[in-house]
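Annotated features, as they stand in TrEMBL:
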| type | residues | note |
| --- | --- | --- |
| DOMAIN | 66-159 | domain 'CS' |
| DOMAIN | 144-221 | domain 'SGS' |
Amino acid sequence: MAAAREELQKDLEEVKELLTKATRKRLRDVLMTEKHKLELEIKNQPPPKPKDVAEEDKSLLGGYTVKINNYGWDQSDKFIKIYISLNGVQKLPAENVQVNFTERSFDLLVKNLNGKNYTMTFNNLLKPISVEGSSRKIKTDTVLVMCRKKREEKWECLTQVEKESKEKEKAAYDTSDPSEGLMNLLKKMYAEGDDEMKRTINKAWVESREKQSKGDIPMDI
């Protein structure tokens, strides 16, 4: 869009230059018509879209940028509180610690802390927050992000993704059949375990099959 506006401006400048040299009335009339047409097109062009502040700040950053993955959180009736530990952050100018909020997300940017920049992004918050009521506080070695809840209700987790993950895990092991629940648990342990864990589970499985075949236990694990 900006490129199109720039091209129209160049055309207009060239038409203006030709007007200063044209002496024939017919040619001047044609050039004047074109000049008015170009001026109208430029006027009707949408204004340049302001560059996102966070993206602009990131593009101007120098040095190494670190993505923050560790945090703690709790909540009150009105706020979700996210605690991010950053040594020495209280020594930075206030403008070096920026948080941009939307109704379901926030971006944290900490600039030039001990020669590094730090970023954290939370998308798909579990419930909507108030952009105007949210803020950040700088404490000793800690940034506190305060997300104001739109409704005063308890959040079971921070994001929609976390909620869906918990629901899937609960569904996998919440069964009326105890043996089925145990089997699911063993499968999960086997899939996620190391070689020693897999050997242990295999051994237990073989032993349980042997006991079952001998009639020592009535049901399979």
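Placed from the backbone N, Cα and C atoms, the Cβ positions cover glycine too.
Curation plays no part in TrEMBL annotations; they are all automatic predictions.
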What are the helix, strand and coil residue counts for the domain 'CS' (66-159) according to DSSP? 6 helix, 56 strand, 32 coil
In this predicted model, the domain 'SGS' (144-221) has a mean pLDDT of 74
